[in-house]
Amino acid sequence: MGQGESTPLSLTLDHWKDVKTRAHNLSVEIRKGKWQTFCSSEWPTFEVGWPPEGTFNPSIISAVKRIVFQETGGHPDQVPYIIVWQDLSNSPPPWVPPLAKIAVASGQDNGRKSAGGRPSAPSRLPIYPETDSLFLLSEPPPYPTSPPPPPAPHAARPAPGLMAEGLGSEGPAAGTRSRRPRSPTGDTGPDSTVALPLRAVGPPAEPNGLVPLQYWPFSSADLYNWKSNHPSFSENPTGLTGLLESLMFSHQPTWDDCQQLLQVLFTTEERERILLEARKNVLGVNGAPTQLENLINEAFPLNRPQWDHNTAEGRERLLVYRRTLVAGLKGAARRPTNLAKVREVLQGPTEPPSVFLERLMEAYRRYTPFDPSSEGQKAAVAMSFIGQSAPDIKKKLQRLEGLQDHSLQDLIKEAEKVYHKRETEEEKQEREKKETEERERRRDRRQEKNLTKILAAVVSEKGFRGRQAGNLSNRAMRAPREGRPPLDKDQCAYCKERGHWARECPRKKNARETNVLTLGDQGSRGSDPLPEPRVTLTVEGIPTEFLVDTGAEHSVLTKPMGKMGSKRTVVAGATGSKVYPWTTKRLLKIGQKQVTHSFLVIPECPAPLLGRDLLTKLKAQIQFSTEGPQVTWEDRPAMCLVLNLEEEYRLHEKPVPPSIDPSWLQLFPMVWAEKAGMGLANQVPPVVVELKSDASPVAVRQYPMSKEAREGIRPHIQRFLDLGILVPCQSPWNTPLLPVKKPGTNDYRPVQDLREVNKRVQDIHPTVPNPYNLLSSLPPSHTWYSVLDLKDAFFCLKLHPNSQPLFAFEWRDPEKGNTGQLTWTRLPQGFKNSPTLFDEALHRDLASFRALNPQVVMLQYVDDLLVAAPTYRDCKEGTRRLLQELSKLGYRVSAKKAQLCREEVTYLGYLLKGGKRWLTPARKATVMKIPTPTTPRQVREFLGTAGFCRLWIPGFASLAAPLYPLTREKVPFTWTEAHQEAFGRIKEALLSAPALALPDLTKPFALYVDEKEGVARGVLTQTLGPWRRPVAYLSKKLDPVASGWPTCLKAIAAVALLLKDADKLTLGQNVLVIAPHNLESIVRQPPDRWMTNARMTHYQSLLLNERVSFAPPAILNPATLLPVESDDTPIHICSEILAEETGTRPDLRDQPLPGVPAWYTDGSSFIMDGRRQAGAAIVDNKRTVWASNLPEGTSAQKAELIALTQALRLAEGKSINIYTDSRYAFATAHVHGAIYKQRGLLTSAGKDIKNKEEILALLEAIHLPKRVAIIHCPGHQRGTDPVATGNRKADEAAKQAAQSTRILTETTKNQEHFEPTRGKIKPRELTPDQGREFIQRLHQLTHLGPDKLLQLVGRTSFHIPNLQSVVREITSKCQVCAVTNAVTTYREPGRRQRGDRPGVYWEVDFTEVKPGRYGNRYLLVFIDTFSGWVEAFPTKTETALTVCKKILEEILPRFGIPKVLGSDNGPAFVAQVSQGLATQLGIDWKLHCAYRPQSSGQVERMNRTIKETLTKLALETGGKDWVTLLPLALLRARNTPGQFGLTPYEILHGGPPPVLASGEVVGSNGDFFPVLFTHLKALEVVRTQIWDQIKEAYRPGTVAIPHPFQVGDRVLVRRHRSGSLEPRWKGPYLVLLTTPTAVKVDGIAAWVHASHLKPAPPGAPDESWELEKTDHPLKLRVRRRRNESTA
């Protein structure tokens, strides 16, 4: 037969499966159609000699590859196909013909000649095909080309094909990363088995030059192996850190290789942390880490640098970069200091000590900032190693002598000795086996010894009885009687015949034997076996003989006799344990009876066994007689009931149980309230009621009462009087009595309104159990119950006589002669603490009952008791003991409400039956009778009543969701069909409420969770055999933030929400969470764009708990099957859903698009002349594209959004790069915009977010450009690159746009001023002593600082020599100022809004001054912001009425109506009274920023000044009466020069301070100008200087200087918690050490910040020595005491 010619193309198509496998191994994908098209049509057009039928010639394939890989004009879509062709050429498969292989080999050898012109050795095929890098499809970086190798002697010119393979730097393949076949010889290149990025390609070009390096990038296989064979950096950073450290110093990667390693091996967050830590470790010129940005960018650039690895400088840069990157890796691997993590590292049972030490040191490196290998930490590591080692090693190491002198190596040696001396597992098993055998041998020997003794006793007894006739008590043998002939051996002693003995003589009558069972009796069986009790039963129609074995728990068959079940049981025997199966139900016939039973199948059993299980079921009886044991069955006659058909319903009626068995009433007559009367707890002391510290008696008049109501409660009051529970009294306390009519009767019961008393009584923590989870502690196995209700429980506790007057009430009964007040002698009802007090008292009294009766469980809820037991007998016994205990303690039980020893009881509104809880019919009827609501309050009442039953209603939150909006008061109430439908569905669900199992705390729980329409729904279950029983149905609505998340994240919130509710029932037991999402992976690697760190930490603390586990995702579970409106959720992958719902536009980029114009946007907002101006602009590098001013008050964030939105609109249909320096605008466009849209643009509080309209406009405009990239750039940079220049231009254009529409008018100051015509005042000279005395008295009067005191003295008519030095000396020595004044804080002064004349703008604030005087506890302070004039008024309360009164009585008459009032958001200022007064007077009341006292800085500073002045005056006068000292403090405040050297008095009144108005301070008379001239002088100053200076804006301050404290200085330290009239500073202390920011002082252990220190005044010593007596008469104690009398 003929055969057609095969071509390379036909061969590949015939073996296409192998070709496709080869492509898959190369990590590329190819198609059969394109393969044929490229080979036959495309590649022949390249004109490189490619035939249409294909070829395996390497040179032709390389030529095609060069064209495909060209940077310009290349063919990226053909890259995978030519790569596979080249791989088939380099590694021919078996189906390639031999001629083709020879052609391939010859093509590979072409041009490869040796230096002498001889051909090189033939190429050897590689074992594994080399895989090309995954990065072949991306554009390669511009790596510097390697230098050519040095010329070798007689070297032949390389072939052109070899040049094209990459050794040359020209041609279309220059700069590509293609992998060519490597030469097998070692002469032409490095070893191909080592993937070094930089490889030496030959000797250096110069004698002392560098070895040239050639770049080879990492292969994808290397990266994949490193990624897959090492744990993630977050789990265990040691592996990747060690890998990269070895790669850095062995493979010499370039900058791009380092970025590739970071990109592949680390996550984004890990990579950013590593780069940040690395930049922190860049070393400066001094060898220490530097903070200079230029040095950091130079040594560790974030963008690709132009480093040439073939130069010395380039290699040095790469070396520094690698070292810094390794330091960053180690820094990022370090976790926050957590010594608890170190203590958790314990040695495993089989872990070698050296491995454990390595794990321990790694924990030190990760969780502490210490280096465990340093000398200073070796002791700590050694102690941890000893304490956390295995018990045997720890015991050995702790016994070492001189433990502190042993090194870690010594400890390791000792630990290794103990470790290697341990038994192996085989040795341990062998030893245990030998010990077991030895114990068995000893037991066998002991049993044999005992048996030998028993047999010896039996034998000796037989011998003794046989010798009684002639040998007793070791006497000699008796001689035969005379006259009786001797007997022969075979002669009978009875008949004298031969042939038998006497006991066998037939003539002898047998004597009657005594029925005594002894071993020697004739009637014993001896060694004969006892008769075995056996019975024959018919099993599945086959008669089977069973051996009755009462010691066997289960009945046994030796053969299955039918189908086997799945149940297995472990049977432990003498030879070990083995698992045996069970049969299914088998039918047994026993006489006329038929029963079904499961048998245990044991083939090794000698006979079928009838065990206790089947004997019990058959009610068998075993009788033992002389004939043997007999087994009989109970056989009762059948009974039938004949009745009429119409009477059959009586069989199904539920019998009405009697209230209580009369026998209980007779057994315990003193415990029933109906027989014994009122109870009294005899072991509880009288209750004392504690009042609040500020409580005062309250008397509330009695409400009017109808005659019917009074007559209705009179019998109850009289009964309590007769019993002594009520007694007459006279008390300042009085509360009203309310008669409440009992439903369905004409009887009334008295109820006392104790609300006013409850307000004045101290609160105690309520310890009453929560009825929601009280039943969780009731085991489901306890199905017999008794319920007791204590009668008049609170009246069982006595009330202390001192507390009785608190509960007095008014009562008038003229017929009985009672007129006045009555009060309770027992604990009253209506008192808020009565339930807690009674619950605790009863709990203490019944503590002994709980301890002595563990067989029952008793639950207590105030006065309701529940006793539960597994059996009726235990329940009855426990109830009897409880009644005895209650009778002895003095409590009384209601016989009408008692439920004793029942399987079904009602407790706390639940119906308990069979280990389950049900809703009572009365509870259901209550909800069903609720009419349709008509008001929001009625809706809330319905939801509250139905919410009690929500555990029984699946998906209650979903059903009630339409009703929740109607519960709001201010929302219009409109009842629609949807509301009526929800109302009806809740009632229908209540009627079909299922039974819920009681939680069994010995079993784990399973929580099924699902989320639909923002509602979390779940089912809490527990297993019962193969089924899961529901314990509770849970449902809850998610908060507004979580409701806007993707479905997968909403499931996380739902699980966390329901898990907290389930914990109330599970009480900390293990919970298995089952949901239709992969929750565990999301929780462990949460998306950082959707939720905050605080919320994610909260979820992880709840869900990543050792008691919470996650099951695989289940699309269908009981929670997903709960009723909903629609369910069309598809199966999905959570990670993909989260990725899809993150961005606002799929192709939006944060990196610049190449070849696209760039725009720069910016928004500006600033305050000018008290108004906030704003503008926005868009510029490019040449012109302003758009600029506009924005409305007054626009914030900077809003301006940035407007600028970015406008840029997107202007770029409609274009490709554009938009730069912005706003993080807010950038994050909104890339991340937060989609999140806001998902949430409905709501905050976590359910309110609209800020800039809502601008964000919506941005989200719409972001889709207008054809292609867009929004890039964030740093703002206000000084560089010359285009980005920094464009950003500065945009900022300038925005500022200009903000001011573009403002009309600036130039105002000139009034140059006219008063010229004095009488000259200046001539100052009076004072002597130095007079000047010092004057300054001293002036400072004692004002306690001003040096600068203010200088200004004040400078305005007097006195001249004092050396004024500055005298003032500073006196102020520095003042002890009162030193311990009171605060340190000047170096802050930049800000701008504040002020009035333009006195009395226009006031600031007001309350401040508390302790201790209060004359009832005044507060100080109301007013300050005029223009002049600084202060008004302060002591007040008793901090109310709005006080503020309004002072404004109307003090401010209004003296200063006129203010235009503006500023205050904080205190209740007194935001009240309707204050705001209403401001509205009526036309005052603009400005409320300052909340929690920002700086916004009320002027009045806050004045509060501090007044308090400091009061403190100084109180210290000097020795009193605490600050109300009396307040005028002096106001005098000081009003006469203190301000910023411009003027006092508030001068600004307001135009005159000098009153303290300087007289010249008699010194005591001499001088020639002074009259007072009128002084006033005129002041008027001139006011008109010319004062007001204009005050209107000037603040000037920025100077930069703060380092602290001046040195070692040896004496300083004062700030008190952080000083009182109102206590000094602020303590000390002095001696400075020991200093740093640029902190100081170490003697006497304080911690370092003190320099801002909390001030120099101590010279004078008093800082310490003194005292002598103290001791107990010893010849010893004295010398104690150093620090002087802090002023502190």
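Every residue number used here counts from 1 along the chain in the order it is shown.
Glycine is treated like the rest: Cβ placed from N, Cα and C.
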Item checked: Of ASP1162, ASP1169, ASP1329, residue recorded by Swiss-Prot at the Mg(2+) 2 site of GLU1200, ASP1221, ASP1291 -> ASP1162
Next item on the list: Could you look at ASP763, ASP789, ASP792, ASP813 and say which one Swiss-Prot places alongside ASP863, ASP864 in the Mg(2+) 1 site?
Entry: ASP789
Check: Which range, 22-39, 490-507, 1120-1137, does Swiss-Prot list as zinc finger?
Finding: 490-507
Next item on the list: Quick one: of ASP549, GLU1200, ASP1405, ASP1464, which of the recorded positions has the smallest count of other CB atoms within 10 A?
Entry: ASP549
Check: Pick from ASP789, ASP863, ASP1162, ASP1221, ASP1291: which of these binding-site residues has the biggest number of other Cβ atoms within 10 Å of its Cβ?
Finding: ASP1162
Next item on the list: Please classify the secondary structure at ASP1221 (Mg(2+) 2 binding site) using three-state DSSP.
Entry: coil
Check: Any idea what the Cα distance is from ASP1162 (Mg(2+) 2 binding site) over to ASP1464 (Mg(2+) 3 binding site), rounded to a whole Å?
Finding: 34
Check: Within 10 angstroms of the C-beta of ASP864 (Mg(2+) 1 binding site), what count of other C-beta atoms is obtained when all protein chains are considered?
Finding: 17
Next item on the list: Specify the nearest of the binding-site residues ASP863, ASP1405, ASP1464 to GLU1200 (Mg(2+) 2 binding site), where nearness means the distance between Cα atoms.
Entry: ASP1464
Notebook entry, point to check: Restricting the comparison to the binding-site residues ASP789, ASP864, ASP1405, ASP1464, which residue's C-alpha is spatially nearest the C-alpha of ASP1221 (Mg(2+) 2 binding site)?
Noted result: ASP1464
Note to self: Can you tell me the CA-to-CA distance separating ASP549 (active site, protease) and ASP863 (Mg(2+) 1 binding site), as a whole number of Å?
What the structure shows: 52
Margin query: Can you tell me the CA-to-CA distance separating ASP789 (Mg(2+) 1 binding site) and ASP1405 (Mg(2+) 3 binding site), as a whole number of Å?
Written below: 58
Margin query: If you compare CA-to-CA distances from ASP1464 (Mg(2+) 3 binding site) to each of the binding-site residues ASP863, ASP864, ASP1291, which comes out shortest?
Written below: ASP1291
Checklist line | Residues close to Mg(2+) 1 site centre defined by ASP789, ASP863, ASP864, Cβ within 8 Å | finding: LEU788, LEU790, ALA793, TYR861, VAL862, LEU865, SER894, LYS897
Next item on the list: Please state whether DSSP places GLU1200 (Mg(2+) 2 binding site) in a helix, a strand or coil.
Entry: helix
Notebook entry, point to check: Given ASP863 (Mg(2+) 1 binding site) and ASP1291 (Mg(2+) 2 binding site), what distance in Å do their CA atoms have, once rounded to a whole number?
Noted result: 75
